[in-house]
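Lifted from TrEMBL, the feature list:
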ACT_SITE  Lys10  active site
ACT_SITE  Asp143  active site
COMPBIAS  235-248  compositional bias 'Polar residues'
DOMAIN    73-151  domain 'GHMP kinase N-terminal'
DOMAIN    279-340  domain 'GHMP kinase C-terminal'
REGION    235-261  region 'Disordered'
Amino acid sequence: MATRVRSFAKINLGLAVGPPRPDGFHALSTIYQTIGLHDFVTVSARQAAEMRITLTANHRGVPRTENGDAEKNTAWRMVSAALTRMGVTAEVHLDIDKRLPVQGGLGAGSANAVAALMGLERELGVALPGAERLRLAAEIGSDVPLFLLGGTVLGIGRGEEVYPLPDLGVAPCVVATPGVGVSTKQAFADLDARYPSAGSVAPSLTSSVENARITKLSCASAAVWACNGIAGNANGTAPHSSGTTPTVSPEHGFGISPSGEQFEGGLAENPLLALVRTGIENDFEEVVFSQHPFLRSTKRELLGSSSSQALYAALSGSGSALFGLYFSQAAAREAQQRVEHSGTRALLTEMLDRQTYFDTMFAE
């Protein structure tokens, strides 16, 4: 019997990119947030004398067995590496029901890899230790480890060094998915080409300035949760200061109106708003919007104005997907309609806290 796993997407609440490191990767700091949009990954596995992994998918852009390039797929690579670490030989079939855009900046391929691992472990009845899982995930891809944590996650290093943060809550979210793919590798190259020398005059992304921006984002996120009096648990999760996760009501969202007026519950109970007020930004917007100007217009549509104004809107990762977070479902629906009226597909979803992430991962 096969195991079907939801492969949830992520967005980035701020993304600061540093200069290239000696190993070719870039230092960065970001706050990952899982959301409800997802692919499905179905895993069938049984122990066998020889290892054989096949992969099918419903999207032509996904590397798969029939095209002869399955070994390029992160889910395939994850399963192959996991079997080696488990010391198990098995016949495994993966089927990816692609709902998320390819090269969209939503972490779809990385999420597929973790979903494949979860399904494999359930199918074989063998589980890797947590620390081994994280090491394996970091080898597969920079943002793969975050999907082993879910919820709100701080990512540093090249994004693979992850720390679970107290969940920001559940806010309505609209994701705009333009019909264009953005290569993460190319986005980094464009960023480097714009600022080729750390000694250039007056660039905003010199090594010293940009490292300071990385530190600033990390410190801003730490300050938000510290000022709310939130402490971590031994199991790696951290409760909200009131003991519950902040939620959104259809009328008043996080207890704060679009004008900034506070309803019941103060700023100390609204870490998402506190985070936004630190001025978080995505450094990729500068180069990606230059290459694809219509994405800037889409961001404006997500931001809106007056009563339907977004709490925050930004490019996710290196794009091309953009997202907006809203005070209410009504404001989110208005934003969705604005974006779709301009001809861009827009999906209504919500932020996904850590508990819900794991509770709903397996699609029984």
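Glycine too: its Cβ is placed from the backbone N, Cα and C atoms.
Within its own chain, Lys10 (active site) has Tyr32, Gln33, Thr34, Ile35, Leu106, Gly107, Ala111, Asp143, Leu146, Phe147, Ser316 as residues 6 or more apart in sequence whose C-beta sits under 8 angstroms from its own.
Around Asp143 (active site), taking its Cβ as the centre, 28 other Cβ atoms fall within 10 Å, counting all chains. Counting residues per DSSP class in helix, strand and coil order gives 34 helix, 9 strand, 19 coil for the domain 'GHMP kinase C-terminal' (279-340). Secondary structure by DSSP for the domain 'GHMP kinase N-terminal' (73-151): 45 helix, 8 strand, 26 coil.
Note on the domain 'GHMP kinase C-terminal' (279-340): its mean pLDDT in the predicted model is 93.
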